[in-house]
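Quick notes on the structure that follows.
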Amino acid sequence: MLLPLLLLLPMCWAVEVKRPRGVSLTNHHFYDESKPFTCLDGSATIPFDQVNDDYCDCKDGSDEPGTAACPNGSFHCTNTGYKPLYIPSNRVNDGVCDCCDGTDEYNSGVICENTCKEKGRKERESLQQMAEVTREGFRLKKILIEDWKKAREEKQKKLIELQAGKKSLEDQVEMLRTVKEEAEKPEREAKEQHQKLWEEQLAAAKAQQEQELAADAFKELDDDMDGTVSVTELQTHPELDTDGDGALSEAEAQALLSGDTQTDATSFYDRVWAAIRDKYRSEALPTDLPAPSAPDLTEPKEEQPPVPSSPTEEEEEEEEEEEEEAEEEEEEEDSEEAPPPLSPPQPASPAEEDKMPPYDEQTQAFIDAAQEARNKFEEAERSLKDMEESIRNLEQEISFDFGPNGEFAYLYSQCYELTTNEYVYRLCPFKLVSQKPKLGGSPTSLGTWGSWIGPDHDKFSAMKYEQGTGCWQGPNRSTTVRLLCGKETMVTSTTEPSRCEYLMELMTPAACPEPPPEAPTEDDHDEL
């Protein structure tokens, strides 16, 4: 359409038909000076000399095309050398030049410069540039179409190969699954046996430790060392009191001995020790006291008080007497305090004691074999999942509607950005649109791919992206993308015409229409 417009512009200079002021060339036949004038709406017929007499006779204002008499009239600007234009008749002779040829101000006293020629020149240059963009864009579009044809064939070939290889890989995965399960069975049995043996050993060690504690307690309780613990001997430990009165009565002691008056070592361990274990306190004082911690030499030393002078002999004797009295008082206090509970000897490292020992050589061999089988199975399973994903992606891309000839296919794996004063807008065609603050922050979805929404005659001129992030107390964000012809691919503008509804323009060669044949130049003429 651009080149025909270029051809029409110079033709305007050659056409000049006599007609009343303000009448267009297409309507001049309605204004015949030799006949009465009939209003264009048929509302009246008047003598022709009443046309443009500055009095409105027709309801549609058609009798006053060149004056401002009718409020609903229209004045036609011829604008020779540029584009014709209709203006409301109330702008005629209003002192403002609306027509580039100045014909609307013929009787206002205003002198209008005729700018039509210059405007026509600029218009032709603009149209020529647009025509050049269209030609170059369409040339690139044909390349895009050919590229997609080749790429589509390659993708279809790749899809067939993947679909054929999928069955083989599925069989391999199932085979490796069987191998894995077979390798895991002896591994599981060997690990369970190792666990069981370790737990048995741990239980035996704890039982041995408990028996040693009971033996020590029995030895302490057997004051007369006759090989038995009697009620009287048990009563020497009031902490075993069962009724809370602070003393162990004979009846309570006999109850702890299961009704007997005495018990030997075997019965003591089997029946008595469990009942008194938690309350029993050893008569022996702990001998291994923790050594005082060494001073931290790295810490700054506090200011020390002055060292006192050496004491005299009399002072030393007094200090020794005071220390002896203090020791006697401490011994009396210790005798009154309850003895510490009998506790098992602590291992050097409890974590080491509870830690299961390493597997034996045969068990470790089963574990290594099972792990190798698992690794091979998991690797094959990952390969199968990757292949299935590749198949899905190829099927989706091959079947996607990329335009009449696939010219928009090259946009499928691309993203384009436009930075404004506040935001960075990102368009990934056929996938999503988003925005994020220019100074940093999380992106906000402006919609995901919906469909082509151009008019019926130009379906592929607009895209719709829907179901973006919801607005506060509003709808989900959505974006319409208009596709414009251009030699390059770029987002040229983004606006928000309505709340949460965005409009984006994408320039692309794929949107360029086929241009008409180029008009012959002045030198390219045929001889008659």
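Even glycines carry a Cβ here, placed using N, Cα and C.
Other Cβ atoms within 10 Å of the Cβ of Thr228 (Ca(2+) 3 binding site) number 19 in total over all chains. The secondary structure of Thr228 (Ca(2+) 3 binding site), as reduced to three states from DSSP, is extended strand. Swiss-Prot lists Asp222, Asp224, Asp226, Thr228, Glu233 with the feature Ca(2+) 3 binding site.
What Swiss-Prot records for 247-258 is compositional bias 'Low complexity'.
The compositional bias 'Pro residues' annotation in Swiss-Prot covers 338-348.
Cys39 (disulfide bond) carries neither a helix nor a strand DSSP state and counts as coil. Listed in sequence order, Thr45, Ile46, Asp57, Cys58, Lys59, Asp60, Ser62, Asp63 are the same-chain residues six or more apart from Cys39 (disulfide bond) with CB atoms under 8 A from its CB. The feature disulfide bond is assigned by Swiss-Prot to Cys39-Cys58 (among others), with similarity to another entry given as support.
Non-local neighbourhood of Cys70 (disulfide bond): Cys56, Cys58, Asp60, Gly61, Asp63, Glu64, Ser89, each in the same chain, at least six residues away, with C-beta under 8 Å from its C-beta. A coil conformation is recorded for Cys70 (disulfide bond) in the three-state DSSP classification, outside any helix or strand. The feature disulfide bond is assigned by Swiss-Prot to Cys56-Cys70 (among others).
The Cβ of Cys77 (disulfide bond) lies under 8 Å from the Cβ of Pro84, Leu85, Tyr86, Ile87, Asp98, Cys99, Cys100, Asp101, Thr103, Asp104, each on the same chain and at least six residues away in sequence. Annotation source Swiss-Prot lists disulfide bond at Cys77-Cys99 (among others), citing similarity to another entry.
Every protein chain shown contributes to the tally, and the Cβ of Cys97 (disulfide bond) ends up with 19 other Cβ atoms within 10 Å. The disulfide bond annotation in Swiss-Prot covers Cys97-Cys112 (among others) and rests on similarity to another entry.
In sequence order, Asn79, Thr80, Gly81, Tyr82, Cys100, Asp101 are the residues of the chain that are 6 or more apart from Cys116 (disulfide bond) and have a CB within less than 8 Å of its CB. The disulfide bond annotation in Swiss-Prot covers Cys100-Cys116 (among others).
What Swiss-Prot lists as disulfide bond is Cys415-Cys428 (among others). All protein chains considered, the CB of Cys428 (disulfide bond) has 18 other CB atoms within 10 Å.
Swiss-Prot lists Cys471-Cys500 (among others) with the feature disulfide bond. For Cys471 (disulfide bond), other Cβ atoms within 10 Å of its Cβ number 13.
Marked as disulfide bond by Swiss-Prot: Cys485-Cys512 (among others). Cys512 (disulfide bond) is surrounded by 24 other CB atoms, counting those within 10 A of its CB over all protein chains shown.
Among the features that Swiss-Prot reports, domain 'LDL-receptor class A 1' is placed at 37-71.
As annotated by Swiss-Prot, domain 'LDL-receptor class A 2' applies to 72-113, with the evidence given as sequence analysis.
Feature annotation from Swiss-Prot assigns region 'Disordered' to 234-266 (among others). Same-chain residues lying 6 or more positions outside the region 'Disordered' (234-266) and placing a CB less than 8 Å from one of its CB atoms are 215, 218, 221, 223, 227-228, 272, 275-276, 279-281, 338.
The region 'Disordered' feature in Swiss-Prot is assigned to 281-357 (among others).
According to Swiss-Prot, the motif 'Prevents secretion from ER' annotation covers 525-528.
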Neighbours of Asp222, Asp224, Asp226, Thr228, Glu233 excl. site residues, C-beta within 8 Å of centre, Ca(2+) 3: Leu221, Asp223, Met225, Gly227, Val229, Ser230, Gln262
CB contacts for Cys485 (disulfide bond) [other CB atoms within 10 A, all chains]: 20
For Cys112 (disulfide bond), the one of Asp224, Thr228, Glu233, Cys428 that lies nearest, given that the recorded positions are compared by Cα: Cys428
Rounded Cα-Cα span from Cys428 (disulfide bond) to Cys500 (disulfide bond), Å: 19
Top Cα neighbour of Cys471 (disulfide bond) in the set of binding-site residues Asp222, Asp224, Asp226: Asp222
